[in-house]
Amino acid sequence: MKHLLEVVNLQTAFQSEKSEIIAVDEISFTLNAGETLGIVGESGCGKSITSLSIIGLLGKKGRVKKGNIYFDNEDLAQTSESDFRKIRGNQISMIFQEPMTSLNPVFTIGNQMIEGIKLHMKLSTKEARSYAIEMLEKVRIPRAEEVMKEYPHVLSGGMRQRVVIAMALACKPKLLIADEPTTALDVTIQAQILELMRNLKEESETAIMFITHDLGVIAEMADKVIVMYAGQIVEEADVFTLFKNPKHPYTQGLMASIPHIEYEEEERLSSIPGTVPTPQNMPKGCRFHTRCPYVTEQCKQERPDLFQINDTHKSRCWLVKTEKHNKE
Amino acid sequence: MASYIMRRLLIAIPVLIGVTIFNFIIINMAPGNPVEMFVNPDATPAQIELEKERMGLNDPMVIQYFRWMNSLLHGDLGYSYSTYEPVTQVLLERMGPTLLLMGLALFFGLLIAIPIGILSATKQYSKLDYATTGFSFLGISIPHFFLGLGAIYIFSVQLQLLPTGGMMTLGSGGGFVDRVEHLILPVFVLATGIAGKKIRYVRASMLDVLGQDYLRTARAKGLREFVVTNKHALKNALIPIITVIGLEIPLLIGGAVITEQVFQWPGMGLLTIQSIMSRDYPTLMAINLLTAVIVLVANFATDILYSVADPRIKNN
């Protein structure tokens, strides 16, 4: 089967005052229709940059420097801006982190809903309106018809995120990128939104890229997971393997730093020492070696590739390579 | 809303009374008196004294103030000391030309400032941005009298393209083209100043908005950058600009003292200067009162407009 999305060796760079900064590098993964891909990592690891590269919203200073992004057999890395606009919001859409600020405060919900619907579905204003109401009902917004006339500030954060989801799903996208859609919401609302997204996904064949730093959310939502560190993929696996058998020391560190309610009270929650290196002074060798408990001389000198452990599991770690080598 | 309007109107009354008192005191404290300005140079001190007595200028200031206030409340602004016409009529004659001049200046100023401000913000730190920033500082810093005299020198004296001043060619009856020709230079001078100031505001306000999350949402819908900028960003950016434009409204009536003087434009600004020169107290008082009223009304209108433009304010 042909993949819906195939990212090959993506490298995204940003132009700063003097030099060019490589924000993400060597990103490759695939995503099929109906699948949910979780992308985890700390702030600044390149999760959002990866997704913005795919939807082509890097802004003036950012650009895809290398690699290909095949979406429906079209390379988005080569697509012109005007062709991209036909895909964006139509076949690929995106939900952002901050529901409080991601709607325009001076336009009504209706106005903002209808805008995209009219643009991509070529409906009349009246048809677009009733379709927008239908979409709002689908994301379980009560009094959808009145909400159309409301301005964003009268809605709660959870309701606004529902509106954003309704907007993103209106044109029945093949790919939905959700960039920390529940991070800014409180836990009960978070659960409702996740539930909603799961249901909507089951109804359609939409593939979802779910970006988060919350492993709990990943466990609930994702089919397969990519762990990112310092602009690279460090581990890739299906969700069960990743939680049961994390191979990369970074993933293991992340897992260990999840608080468990059944733990002894005195036990300190473990954390990964040190901080993420900045793109300007990336360490030589493995990018994680400065913080890794298993660091070897090889890690400090040579850059590891993403080694294949089995069909679905990959890890960017020398240990994995050695382990596999020893077995053979 | 109705109670809010009522409250604003009630607050306006003591403010206006305060303004008239202050103005009256300041005007009366100025040296010289109107009689000296218009009597025959040969008049004896006794004759001057007699005239002052007749005009009530020797009465205590408080009495004079209440006399003025009394007639004001009867809708009478008195007679001009210099032209002997009713002040109301003098003001009405001057208001039209000022409204025309200032209205056009504000219109063209904004017509230049808004698109350039937007462009300057969307292309921040580009050559265009530096150029417009340079122009806007120039527009703010060049004094109107200098720019006005410079424009007269180049376009009227050297090139002989445009008239040096006035509203129309005397004795010509003032056809449309003639009036437009007379408007060009003063409007240019005033609009340059207004545009200079406003470009800064539009640019800053637009830059504030351009980084907002909702613009990314708009782009993610697949909207064209033109729509993102001129619909989603601009409407937000214009809200604070309403206040700044509101501050210019009093000028529409109050006029531009210096520019009107330079171009001999028969408006309120020129009238103000003339009234000061001739110690024309009734006219001066009327101008001050009118300006105060306009300032209050403009501020009020700005607040109302603000709540229309920004839906977040309406409900509070």
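Yeah, the Cβs are placed from backbone N, Cα and C, and that goes for glycine too.
Record features, source TrEMBL:
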DOMAIN    B:95-302  domain 'ABC transmembrane type-1'
TRANSMEM  B:9-30  transmembrane segment
TRANSMEM  B:99-122  transmembrane segment
TRANSMEM  B:134-156  transmembrane segment
TRANSMEM  B:176-196  transmembrane segment
TRANSMEM  B:237-258  transmembrane segment
TRANSMEM  B:285-306  transmembrane segment
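Annotation: stretch B:99-122 has the most Cβ pairs under 8 Å to the transmembrane segment (B:176-196), among B:9-30, B:99-122, B:237-258, B:285-306. Long-range contacts of the transmembrane segment (B:99-122) within its own chain (CB-CB distance under 8 A, at least 6 residues past either end) are made by residues 128-129, 132-133, 183, 186-187, 190-195, 197-207, 210, 229-230, 234, 237, 245, 248, 251-253, 255-256, 260, 265, 267.
Packing against the transmembrane segment (B:9-30) from elsewhere in the chain are residues 61, 64-65, 68-69, 72, 279, 281, 284-285, 288-289, 292-293, 296, 300: each is 6 or more residues past its ends and has a CB under 8 Å from a CB in it.
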